[in-house]
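Here is the structure we will look at.
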């Protein structure tokens, strides 16, 4: 896990496999006098699933929002794909390959699955000076994406009529469309049935198989231990633990979250 | 395919057949052409209102816009002797500008559409009355705009030009709403503005454009109405007309919550309203009951539609459960966030294909 970036670009190919897709160095954030984040270091490798845990107000959301480009950090450096990046707006983060799947899913209920996958990135056909929607191509590509995710979601179905698991599949298919390298998921299993949780965890596995790095923000211990390679625990704006999932236990993580155990 | 529009069409046909059976004059060519004319007149701006309603907004200012743009239009032609193509252009531009101002206030300054357009309604009416000192403006005996007049109020082989305008504009807007990227974004913005923004859509531009289109169509309607009445009385010209447009759009399947509706629905809604008005006359129902009949039909229509939709959804959910039961991979649930409103609306469903 050594990244000698002093040499610059040539080192890139050699260490491409070990190179983290995301690297945070000393990230801090203050809102006025309130210190929301302090000196957070974090590395996420391609195809790695990292669980981000912590109680409410521990700084998880602030960290996610900084990575997603909602606001800049007060201190520290973000490196993505080996380059230092500065995001002024979420679109900048998306442009380099960071996608967020929000808790409320940010889908338009009144449109079909395919329409939602392509929302804002519609495929068009030229008709003289006019560009019209290419429904066929979009439906076909959406079906492909759902197939890759092994989801039974049908492109022509309305999102309104879908289960929570299927909605997650639509939201995740969106990130596949843009070929995101890092997908951050905010409580994807919070509001759905047990059976659908299985589906969503399956989706995360598919992303991993395709070399996508995933950050899973969750309160649900079993889910984190089922899919994550590593777990990062935040408390009071600081990173208190960063352990391989095999080296820790739900009990230890719980005590880290609550503060019963200070650090590990 | 489009169940809602089909239902509306059937309702229109049944009402027409019954009225025609009671009084054959309803189906006479003269009466039908007269209705076609009125449908054209009231349909053009209802299309714009429909787009605005799909964004989740509302435009209450249309009737007053007609008055203000109307007096200006007549004044340009009669008092200032401006050539009609220029006067026409100025009125259309005026409509677009008023729409743009309202769109700006709503999207940039984050004011509520109801308030912005209600104030528009008051301001434009007041401006029109002040500008004319409350006196009626009309065409004299000169032929200031006989060419434009014959375009606006003439007919082709008996079919009123207003009706032809409506069909042409409806076709253009149908492509825009149901086949273009803009239309797709309009639906997305209307249902979930935040989701649209996260998807990189400039929601402010999408919404403001709807108000601008509505304003432009109000400009077209102004010209059509001016040549229909041949004079503009600033205190009454266009009074309540925005409510006709809202009623037509809602009757046609637009949800005031946004994100639902179709062009065909709006046109059919307008037609149904005009048929109802006509039927009151033809069947000898006291004219004073006009609005009451219209209100009752809209109320009953929307209620029936909601009941039918929710029954269909319950059935679909049950069927879904039955189908899935053995395999039990996923449950078809009712995850609607707007349990009642959303029910009204699977019309767009089929269309999104």
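Using N, Cα and C of the backbone, Cβ positions are placed for all residues, glycine too.
Summarising the annotation, TrEMBL assigns transmembrane segment to B:36-55 (among others).
Sequence annotations record features per position, and here TrEMBL assigns transmembrane segment to B:62-80 (among others). Away from its own ends, the transmembrane segment (B:62-80) comes close to residues 45, 48-49, 86-87, 90-91, 94-95, 98, 120-125, 127-129, 131-132, 137-140, 142, 144-145, 214-215, 218-219, 221-223, 225-226, 231-232, 234-235, 237-243, 245 of its chain (Cβ-Cβ under 8 Å, at least six residues beyond either end).
If one looks beyond the transmembrane segment (B:86-106) by at least 6 residues along the same chain, the residues whose Cβ comes under 8 Å of a Cβ in the stretch are 57, 59, 61, 65, 68-69, 72-73, 76-77, 112-113, 116-117, 120, 124, 145, 148, 207-220, 222-223. Feature annotation from TrEMBL assigns transmembrane segment to B:86-106 (among others).
Look at TrEMBL and you will find B:113-131 (among others) tagged as transmembrane segment. Residues 52, 56-61, 63-65, 67-68, 70-72, 98, 102, 105-106, 234-235, 237, 242 of the same chain, all 6+ positions outside the transmembrane segment (B:113-131), place their C-beta atoms under 8 angstroms from a C-beta of that stretch.
What TrEMBL lists as transmembrane segment is B:151-177 (among others). Sequence-distant contacts of the transmembrane segment (B:151-177) (same chain, six or more residues past either end, CB-CB distance under 8 Å): 29, 33, 36-37, 39-41, 43-44, 47, 51, 54, 183, 186, 213, 217, 220, 223-224, 226-228, 262-264, 266-267.
Taken from TrEMBL, the feature transmembrane segment covers B:205-228 (among others).
Within the same chain, residues 4, 7, 11, 247, 250-251, 272-273, 276-277, 279-280, 344 sit at least 6 positions outside the transmembrane segment (B:289-305) and bring their C-beta atoms closer than 8 Å to a C-beta of that stretch. According to TrEMBL, the feature transmembrane segment maps to B:289-305 (among others).
Taken from TrEMBL, the feature region 'Disordered' covers B:320-353.
The compositional bias 'Polar residues' annotation in TrEMBL covers B:329-339.
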